[in-house]
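Trainee: Dumping the structure here so I can ask a few things about it.
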Amino acid sequence: MSALTHTRTTPRTPALREMRFPGASTVPSQPLKMTWPRRLATALVLTDALSIACAVVVAQFLRFGSGTGSVANDQLYTAFGIAVGVVWLAALSATRSRETRIIGVGLIEYQRVVNATLWTFGLLAILAFLVRLDVARGYLAVALPVGLALIVVGRMSWRRALVALRREGRCLTGAIIVGPAADVRRVIEQLQVNLRAGFRPIGAVVTDGRRLREYDGVIPLVTVDELAATSRRTRTRAVMIAGNLPGGHEQIRDLGWQLENSKVELILVSRLTDVAGPRMHLRPVQDLPMVHVDLPQFSGFNHALKRAIDVAAAGSALILLAPLLAFCAMAIRLSSEGPIIFRQTRVGLRGQPFTMFKFRSMVVDAEARLAGLQAERDAGNDVLFKIKDDPRVTPIGRIMRRFSLDELPQFVNVLIGDMSLIGPRPPLPREVEKYEDRVNRRLLIKPGITGLWQVSGRSNLSWEESVKLDLSYVENWSVTGDFVILLKTIRAVFRSDGAY
């Protein structure tokens, strides 16, 4: 009898086919080292924390002095102050106010800071109500504006430092530009001029077969298909699509898949210029993504809020600056003959003339001497009369102009409603007569005591530069933007930028 050998056979599991995902690299991602964004983010966290701590201390001191008079209340407000700091810092992180792509340019960073502040105090107010925590309203009324102002000032200081470094060619993100030659050339030129954007073009891929003129430091690369590998090899941090690619949206999608493990940003460059980011909204509709551009609004809630801020700020300024106003008036009276206040007709909202008030900084017959000085006007200012060493300005007037003290009476114009704190420059009737149709859009909102023109060079600007800034403000103004312009105005006044 032969021995039967029974062999247990294990069913063979069919081998799984190796799954490959389009564009996904099988090589583990190697994060590119970017030390400056991390250092900047750390610096912003520390600055924000210090600003919040100062605001809490100031609020507690102004509300209660050295103490509340009760140990229990002292402990309560100490704990509440810590809670304010923790929640505020968390809100600043949750709103991504320290995101690298928004640091150093635009208003989105400041808008997110404002949003985080409002969320913080909204949540704390709800929490205090739910747990029946009796917190003095004066405490929050001080901590909110002081903390917000300190945080914004801190952010502006770091932004200024970052911009200075970028002008030296540091803290820039390497980018490869892809698209038709004309679009690639346009983007490269803009990035090389506007270093504040934070990008350094290091390579270009031309998709329409045309030759690209050589640029400093910009290397002509190969094809779009080899772009992902090239970006990893050259340690590029951004790929910018300028214009249409031959493969359409599918080629852009495939490129995104190839870049997903490389920590490289994919950026689509829009042709929309002079349109602020908050006015643009992406609305995907199946295979047809649409970008909605909000039309400029010249009435409604935001304008009512702007007017309320104008009245409150102008009234407060006239009260707080009363001693300075009196000193300026006395200096004018003692130094030269003539009225203290100079009244001049300017053109305001929708072309309506109004009387603007200023401290007199010129001799009494300044208007009579104007015709003889027309030939000496600054170059490039055929509409706007400006001359650097105007002989009509008095010695006291020159000092007042240097620090913009001559414009303080315009707070009265703001109270009356003829002007706003922030807005386009109030033009003279003779200037408006020479306006082109596009320039007339400056008159769609109230003129301002200060504006983009004030913080961007003041009298150093040419006529075209002044118009461009004013039109940009008319189209894109916001309450947050006004707040930032106001802070920049303070710096410009103390530095006497472009004042004459």
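Every residue, even glycine, has its Cβ placed from backbone N, Cα and C.
Under the heading domain 'Bacterial sugar transferase', TrEMBL lists 306-494. Taken from TrEMBL, the feature transmembrane segment applies to 40-63, 75-92, 113-133, 139-158, 311-332.
Please go over these features one by one and say how buried each is and what sits next to it.
Mentor: Outside the transmembrane segment (40-63) by six or more residues, the chain places 77, 81, 84-85, 88-89, 92, 98, 100, 103, 136, 138-140, 142-143, 146-147, 150-151, 153-155, 157-158, 162, 171 with a CB less than 8 A from a CB of the stretch.
Within its own chain, the transmembrane segment (75-92) is flanked in space by residues 45, 48-49, 52-53, 56-57, 60, 64, 68, 98, 112-113, 116-117, 119-120, 123-124, 133, 135, 139, 143, 147, 151, which lie at least six positions past its ends and keep a Cβ under 8 Å from the stretch.
Sequence-distant contacts of the transmembrane segment (113-133), counting only residues of its own chain at least 6 positions beyond either end whose CB sits under 8 Å from a CB of the stretch, comprise 76, 80, 83-84, 87-88, 91-92, 94-95, 97, 140, 144, 147-148, 151-152, 155, 480, 483.
Residues 340, 359-360, 396-397, 400, 405-406, 408-409, 411-412, 414-415, 421 of the same chain, all 6+ positions outside the transmembrane segment (311-332), place their C-beta atoms under 8 angstroms from a C-beta of that stretch.
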Trainee: In the same chain, who gets a Cβ under 8 Å from the transmembrane segment (139-158) while lying at least 6 residues past its ends?
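Mentor: 40, 43-44, 47-48, 50-52, 54-56, 58-60, 62-63, 77, 84, 88, 92, 103, 109-110, 113-114, 117, 121, 124-125, 483-484, 487-488.
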Trainee: Average the pLDDT scores across the domain 'Bacterial sugar transferase' (306-494) and report the rounded value.
Mentor: 85
